[in-house]
Amino acid sequence: MSHNPIRPWRNIDRRKSRQIMVGNVPVGGDAPITVQTMTNTLTTDASATIKQVIAAAEAGADIVRVSVPDADSARAMHEICRESPVPIVADIHFHYKRGIEAAEAGAACLRINPGNIGDAARVKEVVKAARDHNCSIRIGVNAGSLEKHLLEKYGEPCPDAMVESGMDHIKLLEDNDFHEFKISMKASDIFMTAAAYQQLADQTDAPFHMGITEAGGFVGGTVKSAIGLGNLLWAGIGDTMRVSLSADPVEEVKIGFEILKSLGLRHRGVNIISCPSCARQGFDVIKTVEVLEQRLEHIKTPMSLSIIGCVVNGPGEALMTDVGFTGGGAGSGMVYLAGKQSHKMSNEQMVDHIVEQVEKRAEAIEAQAKAADQAAE
């Protein structure tokens, strides 16, 4: 539940779901909404895959999924799971034995696709492997790979077919007394995706893995995911998420956090508030923001920074941020600290100075949080 007593219009009541564990990461219940991505290297190239997993983890990924299409990939999972700093989800399609092998290799979770994993007997074997090796399971329903009998029944992929597929497989797992599972309802169509999740929310308390599948390239996929996932999250639906892009997995993680930050559901790093710039700007806003985004990537402390080109909105925005800079005249602007006007700074020195002030503010916030924790003990 995200409640703001001062600004109640920002409150989000999260759907009540049960909590499971993906490795050491809680998903569902009152746990933070986690951000995932998926590697796009050859899994058999363990070193390249591990390198990509580490890069994603450094960007903030809580969980990383790795495809296991064949026996050689399953063997590589031993090293990948051992070296990964975050829990690994094994992505399983068609070959149920790959799921068993991935569990044995150390995967924290097995993603199975109801449309191609096979019959109940095969699912039972996967469930046994998951239980034996302390794995959770994701039931990953996808509009593009629904079961044949559901396509015949409904005529085409649709929310009803997706929900029926998911509920059938929930029953399969529960019949095997297995409850450490989450479920996803993914389609490339945001309307279908949203409708499926909304219908499913009334039928199960399983945690939801969220995503708009095959969303597209960086720009189009970001917009699609922000609209589709943003609306569901705003409605309180969702426990873990992946932004699917035809792009670097690190970019998926960044966009995922930006969506959560925009809704006040999770905070990580510097939230930069900047204007689009116009003829009134007292400095090059666009270039400045580009540089600051790169130079402040190392800051993990949740905080806000306003970079506004002129005095129309600059002072007002700065009052609501930890650090702010508002363009003025004569090659300088005003620096704001903790919502208060502080001092002038030249445009030439502004970037270095802002980085320094953000770092100082981050240290102060961390120190305050540590002191509060110690006082509470």
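Note that Cβ sites are derived from N, Cα and C of the backbone, with glycine treated the same way.
Note that the structure is predicted; figures quoted are calculated from it, not measured.
According to Swiss-Prot, the protein carries these features:
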type: BINDING; residues: CYS275, CYS278, CYS310, GLU317; note: [4Fe-4S] cluster binding site
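Structure with Swiss-Prot features highlighted.
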{"residue": "CYS275", "record": "[4Fe-4S] cluster binding site", "contacts (Cβ under 8 Å, 6+ apart)": "GLN281, VAL285, ILE307, ILE308, GLY309, CYS310, ASN313, GLY314"}
{"residue": "CYS278", "record": "[4Fe-4S] cluster binding site", "contacts (Cβ under 8 Å, 6+ apart)": "GLY309, CYS310"}
{"residue": "GLU317", "record": "[4Fe-4S] cluster binding site", "contacts (Cβ under 8 Å, 6+ apart)": "ILE273, SER306, ILE308, GLY324, THR326"}
Worksheet item: Inside 8 A of the center formed by the CB atoms of CYS275, CYS278, CYS310, GLU317, which other residues of the chain have their CB, for the recorded [4Fe-4S] cluster site?
Response: PRO276, SER277, ARG280, GLN281, VAL285, ILE308, GLY309, VAL312, ASN313, GLY314, GLY327
Discussion item. Going by DSSP, is GLU317 ([4Fe-4S] cluster binding site) sitting in a helix, a strand, or coil?
Written reply: helix
Practice prompt. State the three-class DSSP label for CYS275 ([4Fe-4S] cluster binding site), counting H, G and I as helix, E and B as strand, and everything else as coil.
Written response: coil
Worksheet, complete the sentence: In all the protein chains shown, the tally of other Cβ atoms within 10 Å of the Cβ of CYS310 ([4Fe-4S] cluster binding site) is 21
